[in-house]
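As annotated by TrEMBL, transmembrane segment applies to 49-67, 79-102, 114-135, 141-158, 165-183, 189-210, 230-253, 265-285, 292-314, 320-337.
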């Protein structure tokens, strides 16, 4: 839209660009949701839902399988940080390719903000990958489901927030589930190490912070997902490279992976590719159907990941895993319910009592007749 001012004649002329004129890609992307080259806007809501759910389950289940498969390679467990370095390199390449395919290639978010986001991303993914050298994969997934706990603790001690009964109950359920799951893991897993619990807990804290920082930066500067991926992961790659170089951890990792490049770099490439594709479908699910449904789908995916982990990889099992997992799932439901009470109206205790009484009356009447 062009505004032209003429002081001599004192008029304002407004011209609106025609459909053939080039417009900002951000304006075009409001109605069009494109994932992996597929324009989901052309399909109806039901088809969009099944495409997104299929993408989330397929890519993230493969992602989880490959992550555990890499660490099942004999001798690879000490090289979790090197795997993160390779993963960041692939993510940067994927982000650069995607950014070249869109019209607007300008960097919108300041470099200082990206340095903070990159540091948090390194903490989240690096510590998470490294923890698999000490923990069973199901235990790591259960911990990652409980991001609410550090978020609530930070809100109480830093911002002085107050939470409702549903939020507190959710945190208690998750905490008890985590404790129970960890105790079961320490009992039946011969290679259990408390270091893994510390690493995944620190990764959880970084993950709780990074989501808020990314969301605020993208909304404030109207940045694209590909820009966020490219700059945050490329800067994070430099962080990890410097860290591994200073700690002399780069040479042994390169030497080990070069002995079997197909099982290391090949798995790492597929691992990174499926993770990159999976997050694209999660973002599409949030944009079309909202965060409530997206959380439900991703929670189901995590539960399926835990089940498949016990099926495909031999590890000790106890039913204590099942009950503690149910506690965590209950905590997730309570958290989602507390944020969507207007959409999810559960019956009160008074309503339940009335329903039971009505049911008994109908049964008595049926027996009398």
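Using N, Cα and C of the backbone, Cβ positions are placed for all residues, glycine too.
Owing to the predicted nature of the structure, the values given are computational and were not obtained by experimental measurement.
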Could you tell me whether the transmembrane segment (189-210) and the transmembrane segment (79-102) are in contact, taking contact to mean 3+ Cβ pairs under 8 Å with a sequence separation of 6 or more?
no
Out of 49-67, 114-135, 189-210, 265-285, what stretch is closest in contact terms to the transmembrane segment (230-253), meaning most Cβ pairs under 8 angstroms?
114-135
With pairs 6 or more apart in sequence, are the transmembrane segment (49-67) and the transmembrane segment (189-210) linked by at least 3 Cβ pairs under 8 Å?
no
